[in-house]
């Protein structure tokens, strides 16, 4: 009986509005301002949410943003729980092996090492980075001891409370953090990583990826992408 | 929420705090307490049901059923929770969708699995892509309840299995001597008497379940720990209410919540134990009898 009820509920749930135009579900992390964040109204917001909305308007798609944990992004994408990842994901050769990227919608960015004092040893010390990011693999390769955290915010907190000597993350994320730390934190080194930030798709979704790619190309050409970047990244913006 | 909160940058002191604590994000934080309580209220009875069936199966005279019950207890208890919550949920979701795929799209020719990808026809998606986000959330929550129930059901099954074996054999033999059938002995003698033996184990599980709710975030449900972390983390001026790292305060608040909740649970469980011990052939039951006499 219970099983029957469950089955009925599932069928009812899956039958709803199946005829309506298929929605493209875009996943983001919501923890990486200004790329993506949950604003004070509790809604997803940020550069990527604005950009995604604009892309969908241009490509005449119905889109919805959903929040997903960074760690389980790829299994959920492959499982079809959403169709696109726009979560500050840098384009790398390694990642291209199991997913499809659009052209970058944010130029290859600088990553900062941020620490509490200028004399930290970045080659042998403890460096914090977010799990499964290009920064984390860079730290692992650099010979420093890597301390991984699930969220970007925790990596900064680790430096503040002395758990790590430094943190490596995107400059866009760290710039306001350093600026508003009252001199407590400072930038000690800069590195260039990755090929810019792009939207990621399942490998078989070439058609949808093509539509996104085309819209991004158009926005680059008419300058509206630069406008969006300036709106969110303010004076630290890197333009195309 | 309040009209003066329209422009947070002009606020200060008490007003700032008032507006901050009633922002949309904070309201979601307060609602998430409800989510956790609902999860507990639904999961506990379902897990008890799973556990009861598991224990009965393990005690069954049928060899196949007994093996099935024991395998359930052993396997689920042995697999780390984090693996269960990361992969089992996706597997469960894919199993439902595969089933629906064969029913709804018999003519579909493309393979369901190519490499890492899992693709069923759009009609078989649960819920469909075009459904509002709230249905996706409800579905995610339902999957979470099922997963929690399966995991905690296995532990419950083990506790109940032990409790059933702890009921003195003499009690059952007496019932049999009176001519009660196996089924009657089980229903009227064994089950009513086993709870008192099961209760310490069950109360442990209940307290562990309360503390396990942060695993919800792995399942895409934003629970109280997620919100505490998100709201407490230092905020730059990308947000309307910038502040430093306030996670300590949020987590202290959660600590108080969890302590209060477990304390209330302990009181209720204590009363339940006293009630169930009444008239039982245990030391506690014997002590109560003597005190009354």
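Backbone N, Cα and C atoms are what each Cβ position is placed from, and that goes for glycine too.
Per TrEMBL, the feature transmembrane segment maps to B:28-53 (among others).
Residues annotated as domain 'ABC transmembrane type-1' in TrEMBL: B:33-270.
Beyond the ends of the transmembrane segment (B:74-92), by six or more residues, the same chain brings 143-144, 146-147, 150-151, 153-155, 158, 212, 215, 218-219 to within a C-beta distance below 8 angstroms of the stretch. What TrEMBL records for B:74-92 (among others) is transmembrane segment.
Among the features that TrEMBL reports, transmembrane segment is placed at B:138-161 (among others).
Here TrEMBL flags B:205-228 (among others) as transmembrane segment.
Summarising the annotation, TrEMBL assigns transmembrane segment to B:248-269 (among others). For the transmembrane segment (B:248-269), the residues of the chain that approach it from at least six positions outside its boundaries are 33, 199, 203, 206-207, 210-211, 224-225, 228-229, 231-232, judged by C-beta separation under 8 angstroms.
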Same chain only, please: residues at least 6 beyond the ends of the transmembrane segment (B:205-228) with a C-beta under 8 Å from a C-beta of the stretch. Say none if there are none.
25, 28-29, 32-33, 35-36, 39-40, 43-44, 47, 81-82, 85-86, 89, 137, 140-141, 143-144, 147-148, 152, 155-156, 159, 247, 250-251, 253-254, 257-258, 261-262, 265-266, 269
